[in-house]
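Student: Encoded as structure tokens, here's the structure I'll be asking about.
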Ligand code: DX5
Ligand code: ZN
């Protein structure tokens with residue numbers, strides 16, 4: 001199974017964002033994870049199209065935009081124009097998933113759906129065959145540096161089975177509390193794409209941390 005490491009710039013130094021992104025790229029990051037929060041779906045506020053556009057200018061890596069916002073369709077056109085490679089919307093605030101996913105694809109982006117820790121996979125089951133990415137949250141979204149919720153591991157395994165059953169090639173992403181202690185368990189459960197904010201950006205050497213997460217995901221067997 002492939003392993004993709006996706007540093008989340010939520011934990012980057014915004015005054016030195018270009019440097020931090022260059023560092024991730026040098027460390028072999030596969031994707032840059034961009035956390036958009038609206039202060040409504042989650043109790044925190046981050047940024048929008050202007051930052052996506054600025055990030056797009058300094059890297060050629062795919063930009064995986066995680067939209068923790070209500071009414072995400074309001075931003076699809078702007079984010080696509082700003083250079084998003086993929087947009088992931090939350091099932092909890094997306095009552096028209098079929099239409100919303102189709103629109104993201106129409107804009108030339110990969111379409112993802114995220115589920116909070118307490119949200120059942122049944123929310124996305126009927127549409128699994130249409131997904132380019134399924135994000136299983138392993139913390140309650142809103143903040144970086146939270147503790148990984150252990151009970152989500154079983155859900156990752158069920159998500160893997162659900163995608164396989166649907167013959168879906170969607171990436172199975174995990175986000176929240178991913179670090180050296182948790183990455184292997186998520187990989188073993190079937191995740192292939194690992195978001196890491198705090199673990200990468202508080203490391204003494206973020207480049208080495210990206211490599212370490214990748215190695216641990218694939219080699220640790222206990
Ligand atoms: C949480 C965000 C995450 C966050 C992960 O709401 O969606 O992407 O940045 O951060 P860590 O890796 O610090 O848990
Ligand atoms: Zn995220």
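Cβ atoms here come from the backbone N, Cα and C positions, even for glycine.
These numbers come from a predicted model, not from an experiment.
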Student: Among 66, 96, 129, which is the one TrEMBL gives for the substrate site where 8, 175, 176, 177 also bind?
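Tutor: So the substrate site in TrEMBL includes 8, 175, 176, 177 plus, from the candidates 66, 96, 129, 66.
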Student: Where the criterion is a Cβ under 6 Å from an atom of ligand 2, which of the recorded positions 35, 66, 175, 177 meet it?
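Tutor: Close enough to ligand 2 are 35, 66, 175.
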Student: 176, 177: which of these binding-site residues has the sparsest Cβ neighbourhood within 10 Å?
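Tutor: Result for the binding-site residues 176, 177: minimum number of other Cβ atoms within 10 Å at 177.
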Student: For the recorded substrate site, enumerate neighbouring residues of the same chain (Cβ within 8 Å of the Cβ centroid of 8, 66, 175, 176, 177, site residues themselves excluded), in sequence order.
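Tutor: Here the nearby residues are 33, 35, 137, 138, 139, 141, 144, 174, 178, 195, 196, 197.
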